[in-house]
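See structure below.
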């Protein structure tokens, strides 16, 4: 029964959240089982552009370190806020959600070219948390039963928590910065006087991820209506009177 519940919960996850979370878990499992090593995954511009190890552009977002408290903490926040974004403000807009992934990953990669950052998955998680928190400013949060605050403070609370654990806050600051850039360009600037929408989702992403919506004002021709199809007529004739 527990297995069926977990399977049902997993299949009930929205597509992008399920794909990204699964990729992160499988990557960590592969490292834990020593099928691969972190040295094959980390962000290295020299190996990417000179050795053409292009996969590093993606894998550095998938590894969150060995199994332990930090890994599970990141996975919980990644799953929770990625899912709430996809089922909330991005509901029915999968292409726009994927575009946010690509935009955020691109900016973080640019920053990674000039800084000694090896894995950007945590920064990506903070970006998702930041965007969600700014779009839900009035939700009250509770952090481990110790702090009560409103949602926009959540990224900063997480950064403070990382500092208490002795981690570098550069990754957290990068996630907050990229999240704010996306939020400003998507939600703030278009609503300013003279502002306009600058982040336009490419058409090919919409073709791949978004199913075309049915026109509510469309009325099919009489011969195209289901009750006038030949199969429907045969079924009506076969029904007992």
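All positions are counted from 1 along the displayed chain.
Every residue gets a Cβ built from N, Cα and C, even glycine.
Feature list (source: TrEMBL):
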- 20-42: transmembrane segment (TRANSMEM)
- 54-79: transmembrane segment (TRANSMEM)
- 99-132: transmembrane segment (TRANSMEM)
- 153-183: transmembrane segment (TRANSMEM)
- 212-241: region 'Disordered' (REGION)
- 227-241: compositional bias 'Polar residues' (COMPBIAS)
#### Entry: For the transmembrane segment (54-79), sequence-distant contacts whose Cβ falls under 8 Å of one of its Cβ atoms, 6 or more beyond its ends
13, 17, 20-21, 23-25, 27-28, 31-32, 38, 40-44, 47-48, 105, 109, 112, 118-122, 124-125, 128-129, 158, 165
## Note on the structure
Sequence-distant residues near the transmembrane segment (20-42) by C-beta distance (under 8 Å, 6 or more away from its ends) are 13, 56, 59-60, 62-67, 71, 75, 78-79, 82, 101, 118-119, 121
